[in-house]
Ligand SMILES: C[S@@+](CC[C@H](N)C(=O)[O-])C[C@H]1O[C@@H](n2cnc3c(N)ncnc32)[C@H](O)[C@@H]1O
């Protein structure tokens, strides 16, 4: 039996790395949603990288930082995959569990995994090799740059953001990926009618996602008003005092939560959230 290597701890636990607005990448002009994590590869991950990176890793020209994308570079999915097919982009794909599973289940679609964490990408390559997948590519890059210039406008059928780093401390909320400016970038790449799927195991980030997207004229909540009141996972978090919060009587009258996305396999990351007694919040929005 092989043991699944874990993702690194949540980024904000590495307090030494988050003391400044520029994180540990000196050239970013605004706070980034990640910190530098180990980039050394060993064993099977190194082997997977050596054997598969030429074929499956998009070799993007860089700007300043090593996770940047030169603004002149534009991804050509048809040339890359050798066909025209619906494109799904997973942002922050971690160890690649979700995207590799989905690529295997949906051979008629193409998948792009976007991740800054090199060992996670190497692990994704391992999965690609094990499953013999051809409909997936990976890129080591900062997601906002991928969305703002690398991907052509209106070229993506679905964007997935599953369990983004929660950045719990209030002073770190500006690092959260899902905010107004990010929503505009996702809207840019989606085809009209394209879908943005999100999931998180932290209720206050779930509320932030819902606020940002419900307020956006670019998106429509596919489950507006659903799972409200006693059916809302947010009500349960309040009532049951989950996430180490004191129990309270707040009822989530608004709802808007999606059912669990059946195309998202249960990853080791999500499993840990279940084991810790946290609830999962799913959201799904359509690009207007
Ligand atoms: C908490 S992990 C979740 C990983 C995966 N989605 C899962 O459910 O197992 C969040 C991931 O997002 C990645 N990430 C954070 N900010 C990013 C960014 N700006 N661009 C690309 N990846 C990013 C992190 O490196 C990390 O692997």
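Keep in mind that glycine also has a Cβ here, set from the backbone N, Cα and C atoms.
No curator has checked TrEMBL annotations; they are predicted automatically.
According to TrEMBL, the feature region 'Disordered' maps to 1-35 (among others).
In the three-state DSSP scheme, residue 165 (S-adenosyl-L-methionine binding site) is classed as coil. If you draw a 10 Å sphere around the CB of residue 165 (S-adenosyl-L-methionine binding site), it holds 21 other CB atoms from the protein chains shown. Positions annotated as S-adenosyl-L-methionine binding site by TrEMBL: 90, 115, 142, 165.
The C-beta environment of residue 201 (substrate binding site), restricted to residues of the same chain at least 6 apart in sequence and closer than 8 Å, consists of 163, 270, 273, 278, 279, 280, 281. Look at TrEMBL and you will find 169, 201, 267, 268, 269, 270 tagged as substrate binding site.
Positions annotated as region 'Disordered' by TrEMBL: 229-256 (among others). Beyond the ends of the region 'Disordered' (229-256), by six or more residues, the same chain brings 202-203, 206-207, 210, 214, 221, 223, 277-281, 283 to within a C-beta distance below 8 angstroms of the stretch.
Look at TrEMBL and you will find 237-248 tagged as compositional bias 'Basic and acidic residues'.
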Problem set entry | Neighbour tally for residue 268 (substrate binding site), based on other Cβ positions within 10 Å of its Cβ | 13
For this session: Have a look at the binding-site residues 267, 268, 269 and say which one has the shortest Cα distance to residue 165 (S-adenosyl-L-methionine binding site).
Result: 269
Exercise. In angstrom units, rounded to an integer, how far apart are the Cα atoms of residue 90 (S-adenosyl-L-methionine binding site) and residue 267 (substrate binding site)?
Worked result: 14
Exercise. When a 10 Å sphere is centred on the Cβ of residue 267 (substrate binding site), how many other Cβ atoms does it contain?
Worked result: 19
